[in-house]
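Chemist: One structure is given below, represented as structure tokens, and several questions about it will come after.
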Amino acid sequence: MKAVIFAYHDMGCQGVQAVLDAGYEIAAIFTHADNPAENTFFGSVSRQAAELGIPVYAPDNVNHPIWVDRIAELAPDIIFSFYYRNLLSEEILHLAPAGAFNLHGSLLPAYRGRAPLNWVLVNGESETGVTLHRMVKRADAGEIVASQRVAIAQDDVALTLHHKLCQAARQLLNSILPTMKCGDIPSVPQRESDSTYYGRRRPEDGLIDWHKPVSTVHNLVRAVAAPWPGAFSYNGSQKFTIWSSRMCPDAQGALPGSVISVSPLRVACADGALEIITGQAGDDITVQGSQLAQTLGLVAGARLNRPPATSGKRRIRVLILGVNGFIGNHLTERLLNEENYEVYGMDIGSNAISRFLLHPRFHFVEGDISIHSEWIEYHVKKCDVVLPLVAIATPIEYTRNPLRVFELDFEENLRIIRYCVKYRKRVVFPSTSEVYGMCTDASFDEDKSNLIVGPVNKPRWIYSVSKQLLDRVIWAYGEKEGLRFTLFRPFNWMGPRLDSLNAARIGSSRAITQLILNLVEGTPIKLIDGGQQKRCFTDIRDGIEALFRIIVNDGDRCDGKIINIGNPDNEASIQELATLLLDSFDKHPLRCHFPPFAGFQVVESRSYYGKGYQDVAHRKPSIDNARRCLGWEPSIAMRDTVEETLDFFLRSVDIAERAS
């Protein structure tokens, strides 16, 4: 049986040798060129392949059509991936008749994603393992062929566990590969309900929070011990790394981060103390704990701190147009929680951002983007990242005011995009899930799904096509003139400050706000065309975290990307949303201050939205791009979002005024 192998790291070396030992013919091996900035403590697949006389390649993009064609010419019967760092396209996965199979360093479906070796230690697990699974479009989600468990000892650190996993992988492959070679390939579906997903870890994730339990801090030390970058803290401006530690139960009443003693070197955590066995000050040599205390000048009672503010480094300036809107005000809060961001904003009102107006890193001007073009151009030039969030995005306005939707959503925003091109500024643009229109795919893929809208005489599509056209213009500017951009597509984000009850009174709001108004005023909840349309509702906190990671843009992985941001697990019909909202309303402590429930009322969309409206039966996102580029996974259940949104609006109502 002829195999093509994608491999890297020690696991890659183990996999290549196991495939050879099982009697497969290896037609070619694809690997990665080593990164000079990375600590390459592991074996070299390219060297191994060269010594074995096997053709080996390290393309920048193995999914490029040229490489897909070359792999097809190799005519593999089977494909293996052993710690290859890039996802393989469906075109490659379909080249091998027997299938494509990946070795993953956890017991799937737990710990899908990046760095499972480190994450299991961070989380204090007592067991992990390796899994061979069939590769499908979604990372780590295919049927399981075989797995092998590995016990995690209390004294295991990242490197010792790595060696255990390599040994387990070799045993697993030696056992299953001969069977697969004979055509007998076991297949057990993964239980999605048991799946967990983790993103990549960065060196800065090793920063210790002394307010955490001692077990959490100790597990972090274990998880990133050498040859990984290490867990670290600061004494003043001096950074130091902790390479090994042990837990002590008694913090002697000291505040978290306080040095309890210097010989041995012990530091208080939330519920105990961490004894530092070995560590390193800056780029100095590794020494034992008491010597580290001397090097750092530590004494009992000293307080360790978070990294000092770097006055020499300019903060990242973010321009948010539409800063008072739903996304804008929540994003502002997230950015201001980080020391290295400064926010400049414009909007026609300030009610939602009044809590930030005195913040020293928030600069607001009340104005209209269609009027204050000079201010906007100046601040595009001044800032680093631009988010043009101004848009008319309420469905009833698409049929009421289609020309105004086009003028604001397309024409005014196009001018801002051109400023970004002119001054070479990065733009993070809010596309919309509406661009998929009546797409028939089970889940909407940013890079493959067709964008399908209705006829011209249905003006409800003016918003969708305005956004889609601007998406295409931005993409073209990126391709032809080097514009740095990311398009993000929110899928039904919900939470506090979504629209207002006053907007709902004139029909100019999103669904949940309109439903809450019906409950507050004791009017029937209107179910448009029966309310069977399904949407995937996403908590604003989940959405904003993803958007924040797009702005951070770690490793420039979001450049030139389109990213859906939604929660596929929170799919529900509008009727189901209304029922859940009613249940939460009846349980709310303020329920007694509002009228009785007036029931549900089914209405036709034409009578509600007017002539020219069409609805969409379902709208579910694929979030593979978000997982891959952001290391992001939504986590907040729909019920929690509904309850928090309802609570916000009920507490905003003047109860005394209602009673009078």
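In case you wondered, yes, glycine gets a Cβ from its N, Cα and C as well.
Not my notes, these are from Swiss-Prot:
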REGION    1-304  region 'Formyltransferase ArnAFT'
SITE      Asn102  site 'Transition state stabilizer'
ACT_SITE  His104  active site, proton donor
BINDING   Arg114, Val136, Lys137, Arg138, Ala139, Asp140  (6R)-10-formyltetrahydrofolate binding site
SITE      Asp140  site 'Raises pKa of active site His'
REGION    314-660  region 'Dehydrogenase ArnADH'
BINDING   Asp347, Asp368, Ile369  NAD(+) binding site
ACT_SITE  Arg619  active site, proton donor
Chemist: I'm trying to understand the geometry here, so how far is the Cα atom of Asp368 (NAD(+) binding site) from the Cα atom of Asp140 ((6R)-10-formyltetrahydrofolate binding site), in Å to the nearest whole number?
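Modeler: Approximately 47 Å lies between the Cα of Asp368 (NAD(+) binding site) and that of Asp140 ((6R)-10-formyltetrahydrofolate binding site).
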Chemist: Between Arg114 ((6R)-10-formyltetrahydrofolate binding site) and Arg619 (active site, proton donor), what is the CA-CA distance rounded to a whole number of Å?
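Modeler: With distance taken Cα to Cα, Arg619 (active site, proton donor) is 28 Å from Arg114 ((6R)-10-formyltetrahydrofolate binding site).
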Chemist: Given Arg619 (active site, proton donor) and Lys137 ((6R)-10-formyltetrahydrofolate binding site), what distance in Å do their CA atoms have, once rounded to a whole number?
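Modeler: Here the two Cα atoms lie 20 Å apart.
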Chemist: Hey, of Asn102, Val136, Arg138, Ala139, Asp140, which of those recorded positions are within 10 Å of Ile369 (NAD(+) binding site), Cα to Cα?
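Modeler: None, since no candidate lies within 10 Å.
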Chemist: Between Asn102 (site 'Transition state stabilizer') and Asp347 (NAD(+) binding site), how many Å separate their Cα atoms?
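Modeler: So the alpha carbons of Asn102 (site 'Transition state stabilizer') and Asp347 (NAD(+) binding site) sit roughly 50 Å from each other.
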Chemist: At a 10 A cut-off on CB-CB distances, which of the recorded positions His104, Arg114, Arg138, Arg619 has the highest count?
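Modeler: Comparing the recorded positions His104, Arg114, Arg138, Arg619, the most crowded Cβ belongs to His104.
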Chemist: Just to be sure I understand the packing, how many Cβ atoms besides its own are within 10 Å of the Cβ of Ala139 ((6R)-10-formyltetrahydrofolate binding site)?
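Modeler: Looking across every protein chain shown, the total is 18.
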Chemist: Measuring Cα to Cα, how many angstrom lie between Asp140 ((6R)-10-formyltetrahydrofolate binding site) and His104 (active site, proton donor)?
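Modeler: Here the two Cα atoms are 7 Å apart.
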Chemist: In whole Å, how far does the CA atom of Asp347 (NAD(+) binding site) lie from that of Val136 ((6R)-10-formyltetrahydrofolate binding site)?
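Modeler: If we compare the Cα positions of Asp347 (NAD(+) binding site) and Val136 ((6R)-10-formyltetrahydrofolate binding site), the gap is 45 Å.
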Chemist: How many angstrom lie between the most widely spaced Cα atoms of the (6R)-10-formyltetrahydrofolate binders Arg114, Val136, Lys137, Arg138, Ala139, Asp140?
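Modeler: Among the residues the record ties to (6R)-10-formyltetrahydrofolate, max Cα distance equals 17 Å.
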